[in-house]
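What Swiss-Prot says about this protein:
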ACT_SITE  S106  active site, nucleophile
ACT_SITE  H131  active site
Amino acid sequence: MYDPVSTAMNLVPMVVEQTSRGERAFDIFSRLLKERIIFLTGPVEDGMASLICAQLLFLESENPKKEIAMYINSPGGVVTAGLAIYDTMQYIKSPVSTVCMGMAASMGSLLLAAGAAGQRISLPNARIMVHQPSGGFRGQASDIERHAEDIIKTKRRLNEIYVKHCGRTYEEVERTLDRDHFMSADEAKAWGLVDHVYDSRDAAEAGAE
């Protein structure tokens with residue numbers, strides 16, 4: 001079966017650096033990690049969450065006071081995997097700036113909003129989508145009832161996280177997330193998901209001054 005993500009990863013370019021000991025080759029993502037840049041791309045799932053959390057913890061150990069930049073292009077995915085990344089972002093000492101490129105949907109939008117205050121950015125043509133969690137269950141009626149109760153608790157917790165980071169009331173968040181709600185970059189800024197919309201590095205650097 002064709003997997004576009006795996007195919008793309010097999011085509012990752014290499015960067016060659018000259019050192020005092022000769023040449024050293026890095027894949028492009030490892031080289032960017034040296035610059036404290038993390039890419040969160042594709043569906044959010046357990047394997048990806050482990051890699052993102054490991055990178056966050058490593059960069060904190062390198063310099064706990066220096067900013068980490070996380071670039072997000074994700075349709076969302078597994079709630080527990082996304083919350084593992086979220087909790088790690090909040091746990092570490094290093095501030096994490098978030099940048100949306102392409103799309104941040106579902107858990108992707110929550111992680112975008114979870115960046116350090118004043119350091120949440122969207123590129124101008126990015127799309128952001130928020131909604132309530134969904135799930136399907138099979139089995140005995142009592143088991144289905146327990147799963148339903150758990151997903152309602154999860155929904156409340158996710159709503160509380162959006163309230164915390166977006167400055168909206170719980171009622172506003174619940175109403176907006178009731179169905180798939182798509183936003184432009186400017187609409188996401190107005191809603192409180194991001195702090196800035198920049199179309200160039202110069203604009204971002206000028207805004208940071």
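Cβ atoms are placed via backbone N, Cα and C, with glycine included.
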Here the Cα-Cα span from H131 (active site) to S106 (active site, nucleophile), rounded to a whole number of angstrom, reaches 6
Within 10 A of the CB of the residue listed as 'active site, nucleophile', the number of other CB atoms across every chain shown is 26
For the residue listed as 'active site', the number of neighbouring Cβ atoms whose distance to its own Cβ is within 10 Å equals 17
What DSSP gives for the residue listed as 'active site, nucleophile', in three states, is coil
